[in-house]
Each structure stands twice: as C-alpha cells, then as structure tokens.
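Taken verbatim from TrEMBL:
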- 24-43: transmembrane segment (TRANSMEM)
- 63-82: transmembrane segment (TRANSMEM)
- 88-109: transmembrane segment (TRANSMEM)
- 116-136: transmembrane segment (TRANSMEM)
- 156-176: transmembrane segment (TRANSMEM)
- 221-242: transmembrane segment (TRANSMEM)
- 254-274: transmembrane segment (TRANSMEM)
- 286-306: transmembrane segment (TRANSMEM)
Amino acid sequence: MGTAAAAAAAAGEGARSPSPAAVSLGLGVAVVSSLVNGSTFVLQKKGIVRAKRRGTSYLTDIVWWAGTIAMAVGQIGNFLAYTAVPTVLVTPLGALGVPFGSILASYLLKEKLNILGKLGCLLSCAGSVVLIIHSPKSESVTTQAELEEKLTNPVFVGYLCIVLLMLLLLIFWIAPAHGPTNIMVYISICSLLGSFTVPSTKGIGLAAQDIFHNNPSSQRSLCLCLVLLAVLGCSIIVQFRYINKALECFDSSVFGAIYYVVFTTLVLLASAILFREWSNVGLVDFLGMACGFTTVSVGIVLIQVFKEFNFNLGEMNKSNMKTD
C-alpha cells in the first residue's frame with residue numbers, strides 16, 4: 001500500500017510539471033492566438049465603418065465577419081493553451097496582440113502610429129518575453145477533485161458574487177446612461193466577465209480529461225463540464241455584444257490597449273484566487289513578472305496615449321540642428 005501510495009504521489013507530482021514540449025507547444029499556441037486576437041478588433045471596426053458608409057448593418061459586412069471568425073479562432077487557441085500551461089503565463093501574452101493590432105490599424109483604419117508608438121510595440125514584445133521567462137511552469141490544479149474543491153472555496157465564491165453584482169450594476173444601470181461616452185464602462189463589463197471565462201475554460205479542459213478517459217467519475221465530470229460550458233457561453237455572448245458596442249463608439253486601438261491591461265489584471269486576480277498558481281513562483285520570478293507586466297503596460301501607454309503627437313525622427317533632427 002505504501003509503495004502504491006508513493007507511486008501515485010509521484011505520478012501526481014509529475015502531472016504538475018508539464019513536459020518542456022507541452023510548455024513550448026502551449027506557448028506557441030498562446031502567441032499565435034494573441035496575434036489573431038489582436039486583429040479581431042481592427043477587422044470588426046473596419047467592418048463597422050464600412051457598414052456605416054453604406055447605411056447597412058455591420059452584420060452584412062464580410063470584413064466584420066472575418067474579424068468575428070478570427071475572434072473565434074483566437075478563443076479556441078486560448079482554450080488549447082490554457083489546458084497546456086498555467087493561466088498566469090497565457091493571459092499576459094495577450095500583450096502581443098496590442099502592437100500587432102496597432103500596426104494593422106495603421107494600415108486598415110489609417111490610425112496614427114508614430115515613433116513613440118513603434119517604441120511601445122517594441123517594449124510590449126520585450127515585456128512579453130520577460131513574462132515568459134519568469135512565469136510558473138507548473139500547474140497548481142491538475143485533477144477534477146482539486147478543481148471542485150477550489151471552485152467551492154468561500155473566498156472564490158465571494159469574489160464571484162462581488163463580480164456578478166458589479167456586472168449587474170454596470171449592464172443595467174451604468175451602461176445605458178454612460179456607456180457610449182465613457183470607454184471604461186464597456187471595458188469593465190468585458191474584463192469582469194474574464195473572471196468567468198478564463199477559469200471556465202481551464203476547468204472545461206480538466207473535466208474533459210476525465211470524460212474522455214472514462215474514469216469512474218466521468219458522469220460527474222460531464223455535469224461539471226456542461227455547467228462550465230454554459231457559464232463560458234453566456235460570458236462570451238455578453239462580451240461579444242459589448243465589444244461591438246465599444247467599437248461602434250471608440251477607437252479600436254485605444255479600446256484594445258486599455259482592455260488588455262484591465263482584462264489581464266482581473267483575470268490574473270481571479271486565477272490567483274482560484275488556482276493559486278502564484279504559490280509556485282519565487283521572489284525573483286515574481287519581481288520579474290511584475291517588471292515584465294510593467295514594461296508591457298508602459299509600451300501600451302506609449303502606443304495609445306501619444307498617438308496624436310506629430311513626432312518623428314526627422315523633426316527631432318531638425319530641432320537639434322536649430323539648437324546647434
């Protein structure tokens with residue numbers, strides 16, 4: 001019995017540390033998904049603009065549908081990445097979609113991208129590399145039993161109740177009055193929903209493992225999977241609605257940049273409460289991830305806040321020549 005228990009424990013420990021190949025594959029999928037997601041807001045915004053010019057609904061525009069399909073592909077990619085590597089590694093990599101979306105918007109939507117914006121793109125990519133290097137490479141939840149225990153944790157349940165109350169307040173009272181004039185209203189709704197979508201995605205992956213392996217608890221896993229699928233579906237539908245509302249009223253690059261920062265912060269908070277992946281991160285790696293996230297955030301600010309500045313290297317050289 002002791003030998004069997006030791007073997008089971010060793011197997012469990014092995015499951016907590018994915019192979020380097022699995023981590024590399026998860027990272028690759030996460031990077032590609034980030035780039036695809038970075039194009040979605042731009043394509044959908046382009047479709048909305050084209051539809052407005054024709055005086056028709058954006059639902060009839062092929063470019064808008066291309067953006068919508070890209071969003072679906074990106075979400076599927078995220079789902080696969082979440083099942084392979086920790087959440088705290090996948091979510092911050094969404095930063096790569098911000099510079100890609102900004103560059104794409106400068107061509108398709110003629111939005112400005114000056115030298116500071118290009119520097120911001122570089123910083124966002126550099127910060128993402130730092131996040132990859134210092135993020136945890138092991139899972140804190142690897143079985144359905146662990147998942148169920150954490151989902152019923154009073155702290156996590158309390159957090160979800162607070163999020164749900166905030167969503168109801170935003171959707172039914174604040175959004176109708178201030179949504180079209182304040183970008184943070186729609187961003188807050190979409191970001192708060194991330195507290196449901198990302199944990200649900202991760203949970204579906206864990207429950208599906210038991211279902212397909214025909215474990216004794218497969219029936220229970222199926223019920224859990226269906227509940228999480230319902231939560232995920234509702235969250236995605238509401239997010240989809242308010243993302244398009246935001247794109248009708250605001251600049252796609254500004255929305256994408258602010259959305260990334262707020263969404264990532266709230267998802268990391270929800271994941272920290274539920275999965276506790278941060279417990280496997282040492283002080284050096286924690287500081288490294290903090291610096292990486294700060295670098296990414298600064299890069300995003302440079303891309304967006306200073307986008308209206310007519311600043312380029314040519315004017316800077318002329319200014320230096322006048323001073324001399």
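Placed from the backbone N, Cα and C atoms, the Cβ positions cover glycine too.
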Top Cβ-contact partner of the transmembrane segment (286-306) among 63-82, 116-136, 156-176 (pairs under 8 Å): 116-136
Candidates 63-82, 116-136, 156-176, 221-242; stretch with most C-beta pairs under 8 Å toward the transmembrane segment (254-274): 156-176
